[in-house]
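**Q** Annotations per Swiss-Prot:
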- CYS389: active site, nucleophile (ACT_SITE)
- CYS81, CYS87, CYS90, CYS162: [4Fe-4S] cluster binding site (BINDING)
- GLN265, PHE294, ASN299, GLU315, ASN342, ASP363: S-adenosyl-L-methionine binding site (BINDING)
- 10-68: domain 'TRAM' (DOMAIN)
Amino acid sequence: MAQFYSAKRRTTTRQIITVSVNDLDSFGQGVARHNGKTLFIPGLLPQENAEVTVTEDKKQYARAKVVRRLSDSPERETPRCPHFGVCGGCQQQHASVDLQQRSKSAALARLMKHEVSEVIADVPWGYRRRARLSLNYLPKTQQLQMGFRKAGSSDIVDVKQCPILVPQLEALLPKVRACLGSLQAMRHLGHVELVQATSGTLMILRHTAPLSSADREKLECFSHSEGLDLYLAPDSEILETVSGEMPWYDSNGLRLTFSPRDFIQVNAGVNQKMVARALEWLDVEPEDCVLDLFCGMGNFTLPLATQAASVVGVEGVPALVEKGQQNARLNGLQNVTFYHENLEEDVTKQPWAKNGFDKVLLDPARAGAAGVMQQIIKLEPIRIVYVSCNPATLARDSEALLKAGYTIARLAMLDMFPHTGHLESMVLFSRVK
């Protein structure tokens, strides 16, 4: 007769170890060494000692969590946000801005094997002009949650304030919560986006069921009382304008219109400085022909056109190409053309590329630009500026240019997202004569 035994659950007591942190990685984690292995510990800073327990043990590294901090770094700051440590938006509010910039610059320098020439930064607080807040109805309390996701979770942190938002948007948070929490459609709301443009404030509400006339009236009254442009999104394709006109923002002496769903850089201050520095690095001359790849709706293309003889912007999203053309007309720029192209194909064979380009700028998404590096090399530009939101793909793509005879002339860390683990950068490549 067979006998079955239930296995006893094995309990393990995690050992507490004492470590000294000697570095901060670009994600804001303290870095220590233990038994010859690198240990990553969120919440700790260089020059701090702590008792920790290992939570994940890999062959090359381990992760740990703090049990007790034994000393404080002189660069430790008191987080401004009461939600820090729970909300997944920020990872580094406990570190001084100077330390954040140094650690990100060091990580970038290691990846690129080149010294960081400068840090392009602006105000460290109140910089974010766009926010997407998740909404969730709680049946038990009949309350509406509004906030950001918890770190490593799909749960929502109900936020009352957010000091990295521009002041106009942060001040709106309790008012938006009160308005949305009074709607009959509370349980059918997906998320709300708030955008601060030069033209004013936008609110885009995603709802998953039709809104009653009473709810629509409440929302419209709210938009008028707060001076908002209101947009309703019943699905991912439809956007209904309830109040307001085409939004726009000022950038580098130009006026750029955009659709509420279009991508715009969330940090207006750093964006303006980044564009100005890119033009300076390219050393644009009045006779230059310039190519802007992954151009979007013309964040770099249009300012380039104010200095060059001609500029070509190439983008893979048709709606952004159309918006770029519209903004060129709006700003009276007749020396710039936008093209919709598949950037995985050889753009050097297109008619608009037959005369070549003196200078090239590219600003790809996180996946990088592996498919176009050889095409850029074929064009033989004198200077190339590569703007990156992913240092790993930047380092990979740079290898092609270095092998083709280009050198890194300048490398900047863009502090586009202070207090977070996001690292953006910009590189100037010059052709060796």
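Keep in mind that glycine also has a Cβ here, set from the backbone N, Cα and C atoms.
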**Q** Counting only residues 6+ away in sequence within the same chain, which have a CB under 8 Å from the CB of CYS90 ([4Fe-4S] cluster binding site)?
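**A** Expected: PRO79, CYS81, PHE84, ILE164, HIS419, THR420.
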**Q** Sorry to bug you, but what's the C-alpha spacing from CYS87 ([4Fe-4S] cluster binding site) to GLN265 (S-adenosyl-L-methionine binding site), rounded to the closest Å?
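**A** Cα-Cα, rounded: 22 Å.
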**Q** How many other Cβ atoms sit within 10 Å of the Cβ of PHE294 (S-adenosyl-L-methionine binding site)?
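**A** By my count, 20.
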**Q** Can you grab the distance from ASN299 (S-adenosyl-L-methionine binding site) over to the residue listed as 'active site, nucleophile'? Cα atoms, rounded to a whole Å.
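**A** Per the Cα atoms, ASN299 (S-adenosyl-L-methionine binding site) and the residue listed as 'active site, nucleophile' stand 15 Å apart.
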**Q** Residues other than CYS81, CYS87, CYS90, CYS162 within 8 Å, Cβ to Cβ centroid, of the [4Fe-4S] cluster site?
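**A** Filtered neighbour residues, in order: HIS83, PHE84, GLY89, GLN93, PHE148, VAL159, PRO163, ILE164, HIS419.
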**Q** Please determine which of the binding-site residues listed here (GLN265, ASN299, ASN342) has the lowest count of neighbouring CB atoms within 10 Å.
**A** ASN342
**Q** For the domain 'TRAM' (10-68), provide the mean pLDDT of the predicted model.
**A** 90
**Q** Considering each pair of residues in GLN265, PHE294, ASN299, GLU315, ASN342, ASP363, all listed as binding S-adenosyl-L-methionine, report the largest CA to CA distance in Å, no decimals.
**A** 23
**Q** I'd like to know which of these recorded positions, CYS87, CYS389, is least surrounded, judged by other CB atoms within 10 A.
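**A** Minimum Cβ neighbour count within 10 Å, taken over the recorded positions CYS87, CYS389, occurs at CYS389.
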**Q** What are the DSSP helix/strand/coil residue counts across the domain 'TRAM' (10-68)?
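**A** The domain 'TRAM' (10-68) comes out at 0 helix, 38 strand, 21 coil.
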**Q** Could you state the CA-to-CA distance between the residue listed as 'active site, nucleophile' and ASP363 (S-adenosyl-L-methionine binding site) to the nearest Å?
**A** 8
**Q** Which residues in the same chain, at least 6 apart in sequence, have a Cβ under 8 Å from the Cβ of ASP363 (S-adenosyl-L-methionine binding site)?
**A** ASP292, LEU293, PHE294, CYS295, GLY296, ASN299, PHE300, TYR386, VAL387, SER388
